[in-house]
């Protein structure tokens, strides 16, 4: 069997739901709407967190980074997806596919670590309120975020290089909306046990370990919340922690289902719908969840808008 990859300049074909054109039209409209909401929502959180002095806290520093991640993550996937959904061709260049694959892995892995960092921040705020500003000092927050970014970068470099080296025997059709690892691995014409072990190991490091730390943090937080006698503070804790826990459940749940199962155990159509969820829907829901459940953000948005109106009048 010829296991040459062929020319690196060969375009790939992103199949998506090309066998269901009516469904593709519906999906393309929904994806466009969700993308606009993602851009507006996450940009709003970043701007408000920067402009409002009352939000210059570790929690909103991490939230701004999460919003920036979601903006980059969606932008690395959605524009090319819409071009393919709306246009007559479904192709993407080899270089474009590699870049899309790399950035999706990098940003996704970084978000996994960042959500764990945010859970630690909530633990420190609820369980160590008197020492919170000492524990979560700016230098530590910056180092934690930098570690998350570098961790995501390292995992993306490893997986991207290994996946793109797999022999494809001339196969060009990627059975998904974008160049994602499960679809690219299925294109290979040989089975790689080493690749499966590496994917599982990194899945444990970037999915199961952070999720375990998050659950432990919230177990301790729950015990602390039970002892809170002030109803106002109790509600505030539930709002901020509830928002984060909702995001965690949506993001980790779908990723673990996709990446921690054997690659041949998930039907391709099922995999595409899960891919749509954590690449399109989750980045859209994150700003909505944090703003709708968080009075601080809503108040900051109102203050910023009022300040802009006052500046315009004067």
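Just so it is clear, glycine is given a Cβ too, placed from its N, Cα and C backbone atoms.
What TrEMBL lists as domain 'G-protein coupled receptors family 1 profile' is 41-290. Among the features that TrEMBL reports, transmembrane segment is placed at 26-48, 60-81, 101-123, 144-164, 197-221, 242-260, 272-292.
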Query: What else in the chain is close to the transmembrane segment (272-292), if you only count residues 6 or more beyond its ends and a Cβ gap under 8 Å?
result: 16-17, 27, 31, 34-35, 37-38, 41-42, 44-45, 63, 66-67, 70-71, 73-74, 77-78, 104, 108, 176-178, 180, 243, 246-247, 250-251, 254-255, 257-258, 266, 298, 301
Query: Under a criterion of three or more Cβ pairs within a distance under 8 Å and sequence separation of at least 6, are the transmembrane segment (101-123) and the transmembrane segment (197-221) in contact?
result: yes
- request: Note the mean pLDDT of the domain 'G-protein coupled receptors family 1 profile' (41-290), expressed as a whole number.
  value: 86
Query: Which residues of the same chain, at least 6 past either end of the transmembrane segment (26-48), have a Cβ under 8 Å from a Cβ in it?
result: 17, 55, 63-64, 67-68, 70-71, 74, 78, 81-82, 85-86, 276, 280-281, 283-284, 286-288, 290-291, 297, 300-301, 304
- line: Long-range CB partners for the transmembrane segment (60-81) (under 8 A, at least six residues beyond its ends), listed in sequence order, are 14, 16, 31, 35, 38-39, 41-43, 45-46, 49-50, 92, 96, 99-100, 103-104, 107-108, 110-111, 114-115, 117-118, 121, 141, 145, 148, 177-178, 279-280, 282-284, 286-287, 290, 296
